[in-house]
Amino acid sequence: MSMVYLASGDSNANIEYQTISSTATQQLTQEQSERLHDRITKAQLQKLYDLFKSSPDQMVGYSELRHMLEDVDITFTDYTYTRLFLKINQNSDFMIDWNEFVSYLIFGFQEEDPSSQKEALTMPISAPPVVRKTEHRSAVCCITLLKVKSDQTPMEEIPELSANYSFGGEDSPENSGMWVTASREGQLRFWSAHMEPLRSAVSESSNLPYAVYCMSYAFYNNGKTHSKLVLGDYAGNVRILSYSPYLRGPFQAKPGAALVELVWADVLKGRIPLLIPREHINLHSELISCVYYSLHMNTLFASAEYRNTKKYRGRCPGLIMVSNDDRNNFRIPLGVSVFYVAESKNILVTGGPDTFVRIWDVYISSEPSAILTGHNGGIVAVFVQPEENKVYSVDYHKVIKVWDLQEHTLLQTFGELVRIIHHSETDIKYYYHSHLRDLLVAGRKLIQIKCCPRVRVDLTDGNTHAAPVSVVLYNRLFRNIVTCGLDSYIIVWDPWTGRRKIIMKNCHTKMIYGEIIDIEITAACFDPLEQFLLTGARDGSLKIWNYNNAVVVRNMSIQPDQEVTAVIWVIDRILAMGWDRQVTEFNDVAGREYGDPKKWAKFHTDDITCADVKLGEGVVTATYSGEIIFWKLETGQPYRRYNVMNPYQFIELKLNTEEEKLTRRSKRISSLMGAGRRTLVLQNFKPDEIKDYGANIPVSVQAVLFLQKRPMTKDHGSVFISLDTGYIQVYSHHQHGGFIKQFFAVHKVGDCVLTMASDRKNRFLYTGTAFGYIKIWHIVNYCIPQAEKTEVCMPRLRLDFIFLRKDLFLTRAKRVIRNQPEPMLVSSYKGHLKAINSIGFINLPKILFTGSHDYSCRLWTQGGRYLGTLGTVLPWSKLTPFERAGEDNRAYRLPPDIKKVASSTTLKVISGIQHTGTVKRAKAVDEREDERDVEEAASDVKNMFDRPLREPILGHHFQLPGRSVIEQRIDLDTTELCIPVYTHLRVYPSEMMEHLPTPPVIGQVRAENYLDHYMPVVGKVDPHDSAINIREPQKRAKAGSSSLLPARAGYSLGKPKTNSVLGMPRSSGAGLCKPRTSFTLSDYTPGNPKADFSSRNMKSNLSSGSPKAGIPKADSSHGSAKASCRLGSPKPDYISIKKRASFSPGTTPKTDFSPKAGKPKTNTMKSSNSH
């Protein structure tokens, strides 16, 4: 497109819109920059100022500014100067004053400020805390980290730039270490870095003059410096133990001693040569609250609290720094509770009971360099992240505040600990893991908080936004990429360096109940000259931005609480459409910007989902119900209407007032049910025949695209319509045109195209799907007359797109379209894990960019090579707007998240490497060699044995036994060249099994019948009572009984209590067998299973009943219960039967008067089968 604007009074000065395009027809021989910042000097700037002041009205036009720059020896080509003039002219009046000129220079220098790159997209503490139980009996009183790598690093080993990313190695135990928690009962618990319990131990007190309150340990990883163990006690003394870490120093294991105890007096006398002690007696007059030893500075830091203000009068040495014999006192009111030393920054951060956080220079103790105020309680923990320039402080009320170390400003206040920890818990311990960037909070719970964690580059390349990316645009004037997200952020990126130039937060907001809520940005576009940005939000608001300085130029709105789904900015007009089902037109003419907007006729019956425009010809809009309407751009009148379910049907453009009323009423009803739910469309106009419009037309339109180079004829397909079924329909926007063709654009069930784009000449169609796939279609000869079709050079396409090269097998993306001749699919690969919401193309460098629901915006070459993710922490690829990307034939890497789920097609396209069939042929050669070796080995065996053995090898007089359950390992003799296997087979002779006699006890039990011992029960049912009236049977003695069963054993010698209906015993105590007082195992022999069964039977009979039913009472007249057992010895053994069941409360266990024991023993039934 080409539009001409009159720049000034000079009629020869014309500015064409096409000149701002990166694909201008001018052939650029070399890269030219229109930046003045690198070429202008102070003297030249002063001369330009004088020229501006001498100009009429202190304003200059297009040609005047060029002459002024040439007067100060600054020259540009016509193409470069036109771009420069449009960048400076922010008011779009083609007249520049001194303020505009200086503002352009100021904003350019601000873009080069490194501090602008440090602003984070998310808060330092954005992840929810992890909470788990401590597994201690009481609250944790101490917490520390058992680590292998030290936090202190020699200065010569510290890198100049600390990387804000990691490769995942910090999760290893060697790097992360183990957490150790202790409680007041003396219990220690060891935890992994991810708070998984490992083991527990018990601590003991040491023999020191005073109890130790705090400790610190300093060491280097290289082991070249003596390690320091610092102890601070309750009396204000500090003791230092120094030793060499070579061969573990004093911690060497000694044979026979699992624990080595040391007495401090022996350490002072030098009886332990490996330890070098040093004492600082009465360093403070109060207890030592915190200690630290810096190996780099060879300095000891010790702090104490001085809460007695009357005694110290505010001049207390809260922190003392001891270096050799020199002492420096940091005098702070009320003393210091905690401090942190950042050696790389040479700063010291202190916190105390006075609620202030002070930042000191380590070498200046007279006054702090900054005082951070904002806490309402005493400071109990502080730590610093030097690589992020952040200071974290925690107060007594469990509120965490994050501060900027350079600007000394508050970044975040995190108060989730107040909700998680009960208010009665005040003694909370904190420890910061500097390697993992975790803050561990310990009380009665363990809480792990991520503090500005590093980016795991082995899992992701980073994020572009803090929420899904909704719109990605390329500005051809400033040559940058603008991304808008659902986090209400607008970010300007330099795609050639990967740097973030400008970030605008909280762009669309709304106040609800006094709280400011961010509104998601859902649509955006540029003005015709691409100097301003128009954004639309989910609440119906519209804003025009001068995004180079983050200034809102104008505010607009469609109907309230109606999402804006598409915005179009043409000359002098702005079109916005969305859930209000109509097109709203705003004026963009100077002097008429703030008039009432114009509402186009409401012909749609459902929410508008997408729209596109072709300058000078028309606008197309599509709805959620599948309606498509073509409008005249000049008049705003519709001229064609289609439905995607039946695109050949003619639909009359008729607006009924009754339909509009019913539609408005349904809209109000649906708004009450929630803004996220789609409205019900009323098709019939009669109230008694209201039907759901979505039931008849379930297919919705996801995206529309106008091909700008296709002419407006009925034979040219100029509009592409994407449906949620995966198809793309092609229409002609001519008055007599209509539906032409359709093709299937996805290869997975349930997938659909969400966004489309094309290059400047409409040769390729770029699509992004809901499953994260990027597909490129060759549409040069698609839906055009036969006479205009051109020949396609397939070798050239195969060079550009590796997807077209032949594969060993037909991949899934190719199988779906094998019967679809046009359009030709030239590339298909997975670019994101989630849906692609926006896609665009930069023509001259042939770069494709995509914005996805996975918070990232990625750049690709046209062939599918991965260039990078905007916002990544990794080094950026070298790109230029004047050279084609991806022509250096280097190895391109894959996104880490895609690498784990990529198919063979995606791996081939992104990496640019196709494996040929040479590997298969080499493998066949190896297989032939293996077969040749097998044949040679078989021939050697044949030659050794002269002739092969005949089947059956073992003859007909032997039958192989069944396979044993137990695995029998065969040890072969491998000393000989060949092993006859059959000589090693184990053959066992068959023997007859000996039938063992059955013990009399078993036979007697088997012959018994329960009917001999139980009699029928006489009873009747009383309907007025709640139980069965059963008459007790009369007791009778059985002749010849060996013993009498007591009544408390639960048995009666007569009729037992039974159920009157079933005739079964009512007591659940015993089984069906008659209990016995003694038993004899006289026939027991080793290996007799039947004899062993008697003991098990007795065990089951005794254990299945009640505690009293199965155990006979010992009778002194008959002696004790005896059981003789023949186990090879003539003398019988006495076996005491113990009861295994537990006694009920309140009962007294029975005793066993065993002659072998000599005294009564408690009967706990114990029957063993170990005989």
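Each residue, glycine too, has its Cβ placed from N, Cα and C.
Residues or ranges marked as repeat 'WD 1' in Swiss-Prot: 157-201. Residues or ranges marked as repeat 'WD 2' in Swiss-Prot (evidence: sequence analysis): 331-370. According to Swiss-Prot, the repeat 'WD 3' annotation covers 374-413. Annotation source Swiss-Prot lists repeat 'WD 4' at 464-503, citing sequence analysis. Feature annotation from Swiss-Prot assigns repeat 'WD 5' to 516-555; the stated evidence is sequence analysis. Annotation comment: Swiss-Prot describes 603-643 as repeat 'WD 6', evidence class sequence analysis. The annotation repeat 'WD 7' is assigned in Swiss-Prot to 748-787. The repeat 'WD 8' annotation in Swiss-Prot covers 831-870, and the record cites sequence analysis as its basis. Here Swiss-Prot flags 1076-1171 as region 'Disordered'. Feature annotation from Swiss-Prot assigns compositional bias 'Polar residues' to 1094-1106, 1161-1171.
Under 8 Å from some Cβ of the repeat 'WD 8' (831-870) lie the Cβ atoms of residues 21-23, 461-474, 481, 483, 485, 491, 493, 495, 498, 500, 754-760, 764, 766-774, 776, 800-803, 876-877, 879-886, 892-895, 897-898, 901, 909-910, 912, all in the same chain and six or more residues away from its ends. Taken together, the residues of the repeat 'WD 4' (464-503) have an average pLDDT of 93. Assigned with DSSP, the residues of the repeat 'WD 2' (331-370) fall into helix, strand and coil as follows: 0 helix, 19 strand, 21 coil. Residues 20-22, 83, 86-87, 111, 116-117, 119, 121-122, 126, 509, 518-526, 529-531, 533, 535, 537, 545, 547-548, 550, 834, 837-840, 842, 847, 849-857, 859, 868-872, 876-877, 879-881 of the same chain, all 6+ positions outside the repeat 'WD 4' (464-503), place their C-beta atoms under 8 angstroms from a C-beta of that stretch.
In the repeat 'WD 7' (748-787), helix, strand and coil residues by DSSP number 2 helix, 18 strand, 20 coil. With DSSP states grouped into helix (H, G, I), strand (E, B) and coil, the repeat 'WD 4' (464-503) comes out at 0 helix, 23 strand, 17 coil. Per DSSP, the secondary structure of the repeat 'WD 5' (516-555) breaks down as 0 helix, 25 strand, 15 coil.
In the repeat 'WD 3' (374-413), helix, strand and coil residues by DSSP number 0 helix, 22 strand, 18 coil.
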